[in-house]
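Participant: Here it is, the structure, as structure tokens.
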């Protein structure tokens, strides 16, 4: 009898991501399990009420026609799911860490980025098309919020944060703004498959929280709450997704991760643990750049990938959506382990 290889289900990938995150927190920061578990539960339960409301409000996703054909069946799935999981991720930490100034700053940045995403999602829904605010408008809004955040950072005496690279001085500004806007957009780009941004975001947030917990405990609480919120969202966003997070969710996740990294001086760690986001963003940049560089008089150019971002390249190569997500989870977990090893030297050499 011939055995047929079947792709993993959405539940299987989501449970694997949850097991990785839960085990890491239980082992290395058991006191934070309450924050993580409470946020996960609140988001999961809220989703059962929020998703039908989004469907009733006709907050429907519009699928790009030039994307994979298999995604056309997702048209009409509710979007803007960030409105029910991001608030829990940003509110719960205050119950455990109090009104810490750094926590307030990080939450304010994530909230402002989520608001930019909400404006984009709202315009898409209102116009009944896949065109929200323009990329230029979105970038200007993200930069504006980033500048305000950096002003707080500088005025509070952290403007010379090292990021593990030595004192930066005036270079703090461009590097911090690049991290804030770049991470937000990278997570946004990654959010193209069911459960992809949520699972990889949870893994990245967990390890970043473990890294900063000794020196910035309030920011660590935010990270663990964000991880719980992302996994709670997977209850509804795993394949086959009943809701998408939209820019409301993805920009807020990226903003929160970057804000924690900037405030704690851990941008190198962010780049490593968020390597999946970095590669996804670079795949788009490389695809566009190569196409323009090889464009002939007829206006046609060559492509490095079958389709960008990278997850679509693998889809068009024959992998099922859940197989791509599972592999990206594995890559995210491997990068998380590498980041933790570089940070702590664990496991010790013989």
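Positions of Cβ are set from backbone N, Cα and C atoms, glycine also.
Pulled these from Swiss-Prot:
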type: TRANSMEM; residues: 11-31; note: transmembrane segment
type: TRANSMEM; residues: 33-53; note: transmembrane segment
type: TRANSMEM; residues: 79-99; note: transmembrane segment
type: TRANSMEM; residues: 104-124; note: transmembrane segment
type: TRANSMEM; residues: 139-159; note: transmembrane segment
type: TRANSMEM; residues: 160-180; note: transmembrane segment
type: TRANSMEM; residues: 195-214; note: transmembrane segment
type: TRANSMEM; residues: 218-235; note: transmembrane segment
type: TRANSMEM; residues: 242-264; note: transmembrane segment
type: TRANSMEM; residues: 328-348; note: transmembrane segment
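Structural setting of the listed features?
Facilitator: Note on the transmembrane segment (33-53): residues 21-22, 25-26, 78, 81, 83-85, 88-89, 92-93, 96, 221, 224-229, 231-233, 235-236, 242-243 of its chain, located 6 or more positions outside it, place their CB under 8 angstroms from a CB of the stretch.
Distant neighbours of the transmembrane segment (79-99): 34-35, 38-39, 42-43, 46-47, 50-51, 54, 59-61, 107, 110-111, 114, 117-118, 121-122, 124-125, 217-218, 221-222, 225-226, 228-230, 232-233, 236-237, 243-250, 252-253, 256; these residues of the same chain sit at least 6 beyond its ends, with a Cβ under 8 Å from one of its Cβ atoms.
Among residues of the same chain six or more beyond the transmembrane segment (218-235), those with a C-beta under 8 A of the stretch's C-beta atoms are 14, 17-18, 21, 25, 29, 32, 35-44, 47, 81, 85-86, 88-90, 92-93, 96-98, 100, 102-103, 106-107, 195, 198-199, 201-203, 205-206, 208-210, 212, 245, 249, 253, 256-257, 260, 263-264.
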Participant: Can you work out which residues elsewhere in the same chain, 6+ from the ends of the transmembrane segment (242-264), have a Cβ less than 8 Å from its Cβ atoms?
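Facilitator: Tertiary neighbours of the transmembrane segment (242-264) are 47, 50-51, 54, 61, 77-83, 85-86, 89-90, 102, 105-107, 109-114, 116-118, 120-121, 132, 142, 145, 149-150, 153, 158, 161, 163, 176, 179-180, 182-188, 190-191, 197-198, 201, 204-205, 208-209, 211-212, 215-216, 219, 222-223, 226, 230, 233, 236, 270, 274, 277.
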Participant: The transmembrane segment (104-124): which same-chain residues, six or more beyond its ends, come within Cβ distance under 8 Å?
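Facilitator: Tertiary neighbours of the transmembrane segment (104-124) are 59, 61-62, 79-80, 82-83, 86, 89-90, 93-94, 130-133, 138, 141-142, 145-146, 148-149, 152-153, 156, 180, 184, 188, 219, 222, 246-256, 258-260, 263.
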